[in-house]
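A short write-up of the structure that comes next.
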Amino acid sequence: MQKNPPLDYCEVTPSAAITPSAHGWRAKCLQRLVRLDLPVPQTVALPAQTVRAIAAGHTLDTRAILAHFGATPLVSVRPSPENPDWGGPGTVLNVGMNAGRHMALVQRHGAEAADALYLRFVQSYATHVARLDPDMFDDIKPGPKALDEALRQYEREMDEPFPEDPAQQLSEVLRSMARAWEGTSARLLRQAKGAPVEAALGLVVQAMAQGIGQGLSGSGVIQFVDPVTGLPQVTGRYLGNSQGRDALKKTEAMYLTRDPRGPSLEDLSPEIFGQLAHHGAACRTRLREEMQIEFTIEDGQLSVLDAVKVQRSARAGLKIAVALAQDGIISPEEAVLRVEPRALSELLHPQVDPRGARDVFAKGIAASPGGAVGRLVFSSPAAQASAARGEPCILVRRETAPEDIRGMHSAVGVLTERGGVTSHAAVIARGLGLPCVVGASGLRLETKDKKLTAADGRVFREGDLVTLDGTTGEVLAGAADMLAPALDDSFRTLLGWADAVRDIGIRANADTPADAAQARQFEAQGIGLCRTEHMFFDEDRLVVMREMIFADTSQDRAAALARLLPMQREDFVQLFEIMAGLPVCIRLFDPPLHEFLPHSREGLRELAEALDKPLSDVTRRAEALAEFNPMLGMRGVRLGVVLPEIYAMQAQAIFEATVEIAKKGAPVVPEIMIPLVSARREVELVKTHIDAVAAAVRVKTGVQFDYKLGVMVETPRAALRAGEIAQHAAFLSFGTNDLTQMTYGLSRDDAGRFMNTYVQQGVFPEDPFHILDVDGVGELLHIGAERGRHTRKDLTLSICGEHGGNPESIAFCRRQGFDYVSCSPFRVPLARLAAAHLALADRVDNRKFGTKS
Ligand code: PEP
Ligand code: MG
């Protein structure tokens, strides 16, 4: 046996030197309760250093500890790690119980109650300390003989009687709890919850406040907010003649406040209930947190054993933080910091209620958050028909293409067998705020038969009711219970506080009036990316678009474009009106033209009919437009250079809309963005055309207006040559979807197939389409920003790829001095909050290091 060093511990008094890092959160919290004059039973705190020494084999003078608890000590031992989320060994109650103490309890409270306490201790000691099999007590029948039988069983198993000496009992309990913390599975478990390798355990030894007695006696827990909604509400349970958390487990437990469903503590003793309410209010104001209080009543005497932070959903977390700040208990900045930005997405969409049952039949990538219940449909026309009947539906496709957009608009959720986080379905669904699961590769999809077979063999057909959980990536059979979105006053108030501190702009990617309205609702500071091609997929426009594509001559093309012009103009008028003077950045046409052509023979036949051309002509033209690598082919600015009429039409529509809006007295300065640039000359050519169109519109209308022309940096070369490109660009916006694709040489539509393996094997730390690759793509952003600003000091810099709404990308862009980030409307609130967190973290750092902000 090693020689004992003097092991440290202290009584929990108002002035004891107790810190969360040395003694753990529970010891510190108990000290705070003591300072609030709450009736906390006598407590001794063992710091982590002492617990480590005990685990290493040193022995503590437990007799000296027990001396703090009077002549006949009866105590509990509870874990106290630095962070409550790290768990720890289970509490052991009634340490010190032996024949003598049992006899005294029999006399005071009767044999039944005394037996129950002793039996409970024997069982928990046998399983937690002596490590005996918990089943060994299964055969013991409840009744007056149960205790003796349990003591006999213990002796039989251990070859020694149950220990009588309280000091020995306490020593063994402390040793087993200290060692349990050091065990491999406990370590792995807490590290999974974010605990550092060196995380240590403190322990608290507390006088037992018995929940049994002749007068009013029992135990319970109480909290003053609803854990799911965060609204003020007393919740918890109370159970007469009980200990620990029994009240939460037993059905006979009673309510706390008066309740028509049964008896309550408030009925039983309004006075004690009043004391609890008073203690709850004291905790809230002085501990600056909503706490759950564990209490015991012994013969009408209330004790507070413990208080823990109320477990809460994201929506409750926000509500509580805002209410604490509104009551002046914490500052608005602290309220902002208390809400995790990623938790906001849970508030923006309906959610699958976490408390309900989940019958999961498929799992994929969680591509767009929120939950939806609907009937399965396997095609976009079926989705539209379902919506027309007023029946919510979930659209299932192998992967989606631009022609599915109308179907997606009609669905309440989208499920695809293929794809990753930046595939078409994922991007569009996030923009629409639709829950979406992509890459559910365990499913077998038979579109023709309208049939879906799950990995477990279950078959789902068109019309079957399912629930899509885009937050977890799961698909559930049947209709799960749902929670409504929580975009209430508290939500708006918190984001208002966030805006007051953040120092980087947040815009939205919005293509349609509905997106723009959503962006305004979430208080985006403008549109950072309007993808104009989506405007051409409406049925009437698609026909004209196809005529334009099939035009043999420049004049025919011009005629088709002339028909598209008023429609485009109207699109921009609507966007400008909705955005009411906020900046709107419009990206000129980007995708390869063949995306607008039908892919089936049937579709080609219909097209031939509509264009009044032979099917063979139409097929030949479609084949001629096909490319081996369309994403690297005739798209973006390349179309603008080869077929300048398309961009000219779009520019004319933008300028005429600008004039129309100006005439209504609400001037806008449109921003026009050229996609997929890789060379300065491309910008020069397009700029020359657009300047000419602007001049023509000014002359024709007699109205002066300004506009900004900028470049979307989506190719590595554009980033490297940003210095010369910036000569012709008022702004650079980094399109990190394509830039990631091109930097890695990784198809954004196919990467989902192997991304999991790549991430699991540590090839990539994260999916780079999801989390910005700061090392590689980030370096290109840095180079592009630096070289661009070197040429033009007032160059506006932004990011508009899907990464725009991620807190990590916002941190990066902020460090690079970007002016704004742009993301899907539904990510705008998250981005506003994340940006505020970053600004507040800088303030703390500045204070720490004495730098001026
Ligand atoms: C991008 O490439 O980052 C981008 C925003 O454009 P799109 O996703 O439309 O290609
Ligand atoms: Mg792009």
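Glycine residues also receive a Cβ, built from the backbone N, Cα and C atoms like all the rest.
Residues ARG531, ARG587, GLY735, THR736, ASN737, ASP738 are recorded by TrEMBL as substrate binders, and the candidate that the same record lists for that site, out of GLU570, GLU606, GLU609, GLU714, is GLU714. Distance from the CA of CYS800 (active site, proton donor) to the CA of GLU714 (substrate binding site) is 10 Å. In the vicinity of ligand 1, defined as a Cβ distance under 6 Å, the following of the recorded positions HIS424, ARG587, GLY735, CYS800 are placed: GLY735, CYS800. On the backbone, the CA of ASN737 (substrate binding site) and the CA of CYS800 (active site, proton donor) stand 9 Å apart. Only GLU714, GLY735, ASP738, of the binding-site residues ARG531, GLU714, GLY735, THR736, ASP738, place a Cβ under 6 Å from an atom of ligand 2. Between the CA atoms of CYS800 (active site, proton donor) and ARG587 (substrate binding site) there is a gap of 11 Å. Taking the mean position of the Cβ atoms of ARG531, ARG587, GLU714, GLY735, THR736, ASN737, ASP738 as the substrate site, the remaining residues of that chain whose Cβ falls within 8 Å of it are LEU529, ASP590, PRO675, LEU676, MET712, LEU739, CYS800, GLY801. A straight line from the CA of ASP738 (substrate binding site) to the CA of HIS424 (active site, tele-phosphohistidine intermediate) spans 13 Å. Rounded to a whole number, the distance between the Cα atoms of HIS424 (active site, tele-phosphohistidine intermediate) and GLY735 (substrate binding site) is 15 Å. Under the DSSP three-state reduction, GLU714 (substrate binding site) is assigned to coil, being neither helix nor strand. The average pLDDT computed over the domain 'PEP-utilising enzyme mobile' (391-473) stands at 90.
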